[in-house]
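One structure is given below, encoded as structure tokens.
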């Protein structure tokens, strides 16, 4: 016999998708900078980092990275040759994903930042 499900709030977390365009290519190719900015973003959002993986594809090339958070994750993939970065920030609980995005906006200074917010949670019965 299964235990009854607990009542669940309609929104468990927010998944922000950010497209950063018009970023200086040297910033997007700097693996150490990208990693540092993601850690700063997690801290600003009030999130707890539990693991991290980053991969730099070579001199002048892009960086892929992910921070595994107690509250979910932050990920980034950069294309220096296009001045573009794709960022996902998914957080639940008291963490504030919008503050993570603001840290990235300040650090990477994109010409434009397109942001989509997807509320995550179970569909109403």
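Backbone N, Cα and C atoms are what each Cβ position is placed from, and that goes for glycine too.
All annotation found in TrEMBL is predicted automatically rather than curated by experts.
Shown in sequence order, 13, 90, 91, 92 are the residues of the chain, 6+ apart in sequence, with a C-beta less than 8 angstroms from the C-beta of residue 72 (pyruvic acid (Ser)). Among the features that TrEMBL reports, pyruvic acid (Ser) is placed at 72.
Under the heading active site, schiff-base intermediate with substrate, TrEMBL lists 72. Secondary structure at residue 72 (pyruvic acid (Ser)), taken from DSSP and collapsed to helix, strand or coil, is strand.
The Cβ of residue 77 (active site, proton acceptor) has 17 other Cβ atoms within 10 Å, all protein chains considered. Classification of residue 77 (active site, proton acceptor) by DSSP places it within a strand. TrEMBL lists 77 with the feature active site, proton acceptor.
According to DSSP, residue 92 (active site, proton donor) is assigned to a strand segment. The annotation active site, proton donor is assigned in TrEMBL to 92.
All protein chains included, residue 92 (active site, proton donor) registers 18 other Cβ atoms within 10 Å of its own Cβ.
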